[in-house]
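If you check TrEMBL, you get these features:
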BINDING   C:R48, C:R54  NADP(+) binding site
BINDING   C:R132, C:S133, C:S134, C:N244, C:A245, C:G288, C:K303, C:P304, C:T305, C:S306, C:S307, C:R329  FMN binding site
Protein chains: 4
Amino acid sequence: MSHNTFGHLFRVTTFGESHGVALGCVVDGCPPGLPLEAEEIQAELDRRKPGQSRFTTQRREPDQVKILSGVFGDDRTGGRQLTTGTPIALVIENTDQRSKDYSEIRDSYRPGHADYAYDAKYGIRDYRGGGRSSARETAARVAAGAVARKVIPGVTIRAALVQMGPHAIDRARWDWDAVARNPFFCPDAEMARFYEGYLDGIRKDGSSIGAVIEVVAEGLPAGLGAPVYGKLDADLASAMMSINAVKGVEIGDGFASAALRGEDNADEMRSGNDGPAFLANHAGGILGGISTGQPVVVRFAVKPTSSILTPRRTVTRDGHDAEIVTKGRHDPCVGIRAVPVAEAMMACVLADHYLRHRGQVGTTP
Amino acid sequence: MSHNTFGHLFRVTTFGESHGVALGCVVDGCPPGLPLEAEEIQAELDRRKPGQSRFTTQRREPDQVKILSGVFGDDRTGGRQLTTGTPIALVIENTDQRSKDYSEIRDSYRPGHADYAYDAKYGIRDYRGGGRSSARETAARVAAGAVARKVIPGVTIRAALVQMGPHAIDRARWDWDAVARNPFFCPDAEMARFYEGYLDGIRKDGSSIGAVIEVVAEGLPAGLGAPVYGKLDADLASAMMSINAVKGVEIGDGFASAALRGEDNADEMRSGNDGPAFLANHAGGILGGISTGQPVVVRFAVKPTSSILTPRRTVTRDGHDAEIVTKGRHDPCVGIRAVPVAEAMMACVLADHYLRHRGQVGTTP
Amino acid sequence: MSHNTFGHLFRVTTFGESHGVALGCVVDGCPPGLPLEAEEIQAELDRRKPGQSRFTTQRREPDQVKILSGVFGDDRTGGRQLTTGTPIALVIENTDQRSKDYSEIRDSYRPGHADYAYDAKYGIRDYRGGGRSSARETAARVAAGAVARKVIPGVTIRAALVQMGPHAIDRARWDWDAVARNPFFCPDAEMARFYEGYLDGIRKDGSSIGAVIEVVAEGLPAGLGAPVYGKLDADLASAMMSINAVKGVEIGDGFASAALRGEDNADEMRSGNDGPAFLANHAGGILGGISTGQPVVVRFAVKPTSSILTPRRTVTRDGHDAEIVTKGRHDPCVGIRAVPVAEAMMACVLADHYLRHRGQVGTTP
Amino acid sequence: MSHNTFGHLFRVTTFGESHGVALGCVVDGCPPGLPLEAEEIQAELDRRKPGQSRFTTQRREPDQVKILSGVFGDDRTGGRQLTTGTPIALVIENTDQRSKDYSEIRDSYRPGHADYAYDAKYGIRDYRGGGRSSARETAARVAAGAVARKVIPGVTIRAALVQMGPHAIDRARWDWDAVARNPFFCPDAEMARFYEGYLDGIRKDGSSIGAVIEVVAEGLPAGLGAPVYGKLDADLASAMMSINAVKGVEIGDGFASAALRGEDNADEMRSGNDGPAFLANHAGGILGGISTGQPVVVRFAVKPTSSILTPRRTVTRDGHDAEIVTKGRHDPCVGIRAVPVAEAMMACVLADHYLRHRGQVGTTP
């Protein structure tokens, strides 16, 4: 069962509510002997941290991570902390909780939010800041992802925002270096400049907007994944769809492949110096659920933030019609902060499949 | 671990290769006391069966299912077979195997197929008809789905082909009754007539084409699913992406929601006679990973069949350049037969979540 | 996979090393709406806490538990905290760590301990106080067990020490009330008095001694468990064997049943007012892996503490012969503190099976 | 979830009832490239097969196994069949079913059997021959075990009957070669001769008797297993306890260790040519849940067959008092045929842990 656990050999169990005492995760199955310091995890968390520009929530959480277990170092390890193969517990305390901001949502269901669904399921919910359904949970994912990145050698995992609202980037201008230089994680510097004004407008309207994120893993060996329910793409689809507000996932050409003819879609091959080389990557690096050695390319759609200042019709917990305006500090485009989360989920899935493959087949692919 | 197992409380383990002795599945966790006859499973299999029109592979498999275990009946059950709560093993023998058709693919990797990936992973593969990576495996899913349908009372699960190549149906003409009346499972009768000529042309060109399938579950109670890795939509994404040739999955508005503003996307609510009513279903029936009681709507993209008569460049197993033409009996649009498979996967996911919910929360939602 | 996770629907993931920052667990799958306060968990922890008599380790850990997530209360719940159905994270900080006591075991393997096995597996280990292999991990189990006890209504779970060294209690003198009145959790008050002198002697010798613990669950409905690898007794065996130093587990008559004839072993039945009544309980409440409604009776053997003051032959990490004396603060009979742990494991297994049964069969048995 | 599935990376899912159409299993996760012929599996099944002496049931099942999937061979493999890494389905048809023999147990619960527990759980059961609770299910385990044996190189797994009724063998006379030369799998030839007359007497009395089985794995590397719920001994305990009629499991000294003092129990070590050597094996080859490289020694108790000719008091399905005599063809000592089953379960557990270790740690231990 997997309510709050993700993965099999590399397993992440997260816990915590938006305004509870703390959130965090337990990473189980991490191989021993990998150097791991809190600072490295912190660096990833800082990329996701709110309040870094006017385009993300102004909630100010330091999001300071603490490693509770699973690492050890002494003079024999040169003072460095190494993973020991035992579970790594990571905790982030909640400090900026301002519960009063959220008192209204106690009684009225916010459209587009999980409020009603949680009540229908559990009959009780921690409504403060969305409780367990808050995107704040993704901080724990990012922390786990920082561990996962260490598991597979030689793989580069990067994500970027490639569309905001109806405005897709120009792929000809793709520049990975640009990603760190604008507040949108956008690889198209020109489009990023456009987004500034565009998102300012949306924010001032009290509205929000959707986005598309692309994640790419390069340097992955062929052979990860497995038929037929342990497919690498099936697990990636599950991983990305489990991120808050995600409504669609595609691999390689994705939905566009529906419109293609066979000869345009299937990636041809030629012999190369390091084994077979593909002449295109419509498949997004995965065939039959197994990696081919090409870059693994995943895209997903993030719906617009549901918390907006425009009044919306809803019902109250006890069944009366109402109107609701979700005040508080919200991301006008929640897709932006999904970028480091996407990398983390990709890292976790790949680490898991790497260990699974090594278990079953015995070689390091 | 889940290489060939799907689900948790309602678990399906499939086995079998395209041209092996048999394929089938073990359905574990099915509640006891449900009437189950082979004929009911057969009816679902017959919908997926190849060779029913000129638009699907001409391979002629009777696909006759046999129940090996897990059911029991005597005079006390009125002669009906009931499930007993023990594992239900279903087997379909392979009869029309013509292994000679596939001898060429032994040495050359077919572009777009899993041949190369399997070899990279396992170092050995059953190349006859694609072996384990053949869409023939989905027969076992359809059989399992027939069992799954019995688990949740009052739910209607239907799928349809809504796009072939670039040609999407007109949703204004949607008619579920039309689905059974054309060889494409298409709910738009007019478009179905167009597809006849369109697909004939593609078939005659020795090519193939992609498609988009939509699956809808109606009558589902609110409350199925769970945060944050047991989300109903994450499991549906995994389920659909695990179907052969699927490259993208979306829920509700899916990728279109990236272009929406918050006030256009979040489904408002009003009080109703039977609890809260939603005024729209952009969410596709799922919020925060939990069903809302609205119809659950999933769409997925199927790439064009990779087995085509057009010569393609490839490499051989021992690293030489080659050309390959995939003869044999192939579906020009493999998306068509994915329609009953999609229903089966939806049924399996819902059955699993229904039992999970009942376990954790104790009520029948 | 289950390295540090126990259970399926009621899932416990523990983490932490003996001398690390903290230890704890995440309890996932707990039903919503159950009252849960830290004090209740603390009460169970206090029963296991070291340093309560001269017969257990003099390490003085307050073992103060903190609930980080998964509960919520406001005026609507009458101020009480209720479980919300989301993961419950419990943390216990390590405070009395005195790492210096353990410096010698860094280089020499303690006979009977996991030191060598961990090094052989992981190549690295946190040797302070046994690290992950320390019985200190069982504090997390006891905390989880306190939650588990709330899941099944009407069940009484109690454990007792029934043998120390070769000295078994007299079952005719069994008195559950005696258990809380002696430092051995012994139900035979007379034998408990004998144990005082006996264990004092062993402690003064710098030695240690084994024990047998019995756990009984009463009030359990018939029907929990499942064929054939989800058997209730198989899960109980795994649960008890996973406790530190346990070397044997038996259900009902256990090993004694090997010497019985069929007519002496099989429990006969007669009709009763509340359904069938058994005339004996050789089976220990479980037949075919499923509970019968009789008391579930499990016993397990705990080996003597391996940390003793008597010098033992061993090897060093780099392969030289050595002698070792394990100083520090150790329990002369580690079986004593296994008593509350046994109750906790029984509670976790029963909670899990209760939820599993409810999921599959839909009724509360 | 694991109702009918055992293991994680090496996973066995069994199905089938005693008198159903067939029984069998799906072995998932088996590494590719291992030679596997039906004959090899058959050889193991033949050791377990009923009707081979007057001391086992006279039911005459040929127990012919068929491999349905997961293997492949052609001229490139030298005509040998190799595993392909895909699921291996094994099926054994039921042929000698004589359902009429079992008509009485439809309405009356057999003491010591699972009849009542199944009815309490499921409300329905296949009562023919015990249905799913029949020891006939263990044929599927033995088949799976034959595959598992291939996974770990250099390990010898052997089991033997070491006690029948109160009569334990003399360990000084232990001779593995004797095991195949008597109908009891007994390593003490002299005791085996005694058992002949002893068991004849019990059989003639219409009674039955219990037994103790010992399983030993030699050649296992150190490092298999994992803290704290993936312990090798915990999984072995679960595996053995899941065998029909087993009521107790112990590792190494097991229950005897309760009576030991620390200095007598902890196995001392000395340096050796091939790494550290243990001077004794009280631990049974496992410390802290991880293998030490010493022989892994497991023992378990099997209760006497519950199906006896002596009339027993019971109740009927509708609650009336009754007497029952279980006619039919039953093993007077069901422990005998548990011997090959024990080897199979040991093989499955070790294969699983071997692959898990290889996954997490990356080396072949």
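Glycine is treated like the rest: Cβ placed from N, Cα and C.
TrEMBL does not curate its annotations; it predicts them automatically.
What you see is a predicted model, and the numbers here were worked out from it, not measured in a lab.
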Sparsest-packed of the listed binding-site residues (C:R48, C:R54, C:R132, C:K303) - C-beta count within 10 angstroms: C:R54
Among the binding-site residues C:S134, C:T305, C:S307, whose Cβ has the fewest other Cβ atoms within 10 Å? C:S134
Do any residues at least six apart in sequence from C:A245 (FMN binding site), in the same chain, have a Cβ closer than 8 Å to its Cβ, and if so which, in order? C:A135, C:V302, C:K303, C:T305, C:S306, C:V334, C:G335, C:A338
Nearest to C:R48 (NADP(+) binding site) by Cα distance: which of the binding-site residues C:R132, C:S134, C:S307 is it? C:S134
Is there any among the binding-site residues C:R54, C:R132, C:T305, C:S307 whose Cβ is under 8 Å from chain A, and which ones, in sequence order? C:R132
Among the binding-site residues (C:R48, C:R54, C:S134), which are close to chain D, meaning C-beta separation under 8 angstroms? none
Spacing of the two Cα atoms, C:R54 (NADP(+) binding site) and C:S307 (FMN binding site), in whole angstrom, works out to 16
Going by DSSP, is C:R132 (FMN binding site) part of a helix, a strand, or coil? helix
